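**Q** Next up is a structure, given as structure tokens.
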Amino acid sequence: MEVIGDEDMYAKDGTLDCRNNPANKKKTGAWKTCPFILAYYGMSSNLLLYYTSQLNQHSATASRNLSNWLGTCYILPLVGAFLADAYLGRYWTIASFSVIYVLGMTLLALSASVPGLRPTCYKKDECYATDSQTAVFSVALYLVALGSGGMKPCVSSYGADQFDDADEVEKGHKSSFFNWLYFSTNIGVLIDCSIPVLIQVNIGWGWRYGVSAMAMAIAVVFFFSGARVYRYQKSGGNPLTRLCQVLVASLRKYRVEVPGDESILYEAADVEATIVGSRKLDHTNQFRFLDKAAVEKESDHSRGSVNPWRLCTVTQVEELKWIIRLLPVLATGIIFNTVFGQMSNLFLLQAEYMDTRLGLSNFKIPVASLAIFNPISVIFWVPIYDRFIIPVTRKFTGHKNGLTQLQRIGTGLFISVFGMISAGVLEMFRLGIVRRQNSYKVMEAPISVFWQVPQHVIVGCAEVFTNIGQLEFFYEQAPDSMRSLYAALSLTTTALGNYLSSLLVAIVMAISTRNGRPGWIPDNLNYGHLHYFFLLLAVLSVLNLGVFIVVAKRYSYNKQ
């Protein structure tokens, strides 16, 4: 792969080494590159209302389709991460998939505006879509998912790569980078939930998606304009092949005894690791069966060279061990992301049955704009965390970041429980009003939608602790050559959380609709029990928190 930049900036292992070139260090990397990267992380789309009002789907079906699409958006990062770490590098992966993203957004705009492609509407928000029209819309959506998947695991890692670990000042700023990355992401969401939604309400869906497509195209151009000041890292080869080699080699040597002296295990003779772009990893005593792959035998050599499917370095073995150690932490993020996903899903469905008027005026806030509560909450909490919570907790813990990464994640898991309790209590209160007034067929209960603010603020606060904590945790705990892959693994918890949400909706509807009952989440929520679903998520969150505490106590931080 050809790497853009000055070759003098790279060490023998392919990693950026600014210490070899102080002049380049001053010109590239650190905070000066962040405006280009942060501004690039941008526009999202609220699709629930399009599914229900334009494609004429039932509430539960629309919720499942949205969850499945969001899940796909967060599974596909595994593809982007693999290409970035193995072949393209993070810069070219972002560049390539951003084009796919823009194409998907453009097709999305066309499918909502061009006659023949857009659904047929008899009046506002009462439409019918043919199978072919739904198919075109779905193709556009999944192109966006593919483009998003290629970029997501690389943007956070690429941004963090701009801070040199060998420079204590830059290394200290890396934690703040993750906070402000998430802050800028939610600025983009805030814009997308306001301006394009107002365009949608007053002009139409086609213009709504068209504006988002144009904004994304501008963000891509802005990203490319920062190419001269970025720091780059060469790709380290196929990580999946290396992991498979360790498994195969250890299984081949299942009868071989692992020596008590770890210095006997096979490792590269040079100071640097044999893996391009990665430092050596220290040997650990967990999962010692895998160490068999690094036990050297005469049969491991063929014609003067090492057979990589028979003998692996300690660093290569540790790469696999690090992933295995991370899996329990990864699993505890699934329930949290099921909770987090409700802000763009069932929270909005709940809002449709509330009074959306602004104060005493007759102006009604578009339901799609109510997703604005989430980014506002995050934008509120990030500066508080970065400028207040970190310095205060640092005085008590002595940790440079206030809380360790696992403590930060656990705090968010704890807070998220109260977000679901708040949503459940609000729904119980809303249904109480409906029953007292016998207004089951009236869409808007006389209760202001602003009563949803507490649940958004609580979940937003949990998000700042857990999601940003996960970003930093998976970056810091990753070998140099696998950082995109680890970022993708952290994103898979969002995918699995959305798939779990879809599965839970399907299960509770299958059970709760027996004997002709409307179920927990019917087309008319006034006949349902949405609060049961929120409280179910609260109970699952408590159980998940307990599991996380056990996992966190047993976890040993990786060191390079």
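Cβ coordinates are placed from backbone N, Cα and C, and glycine is handled just like the others.
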**Q** Scan 180-199, 320-339 against TrEMBL and say which stretch is down as transmembrane segment.
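**A** Going through 180-199, 320-339 one by one, TrEMBL gives transmembrane segment for 180-199.
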**Q** For the transmembrane segment (409-433), find every same-chain residue at least 6 residues outside the stretch whose CB is under 8 Å from a CB in it, and list them.
**A** 329, 332-333, 336, 339-340, 342, 347, 350, 353-354, 403, 439, 445-447, 451-452, 454-455, 458-459, 461-467, 469-470, 473, 526, 529-532, 534-535, 537-538, 541-542, 544-545, 548-549, 552
**Q** Sort out the residues at least 6 away from either end of the transmembrane segment (94-114), same chain, that have Cβ-Cβ distances under 8 Å to it, and list them.
**A** 40, 43, 45, 50, 54, 80, 88, 133, 136-137, 139-151, 154-155, 158, 204-210, 212-213, 216-217, 220, 223-224
**Q** What parts of the chain pack near the transmembrane segment (486-511), using Cβ distances under 8 Å and only residues at least 6 beyond its ends?
**A** 60, 63-64, 67-68, 70-75, 77-78, 80-82, 152-154, 156-157, 323, 326, 330-331, 333-342, 345, 470-471, 473-475, 477-478, 519-521, 532-533, 536-537
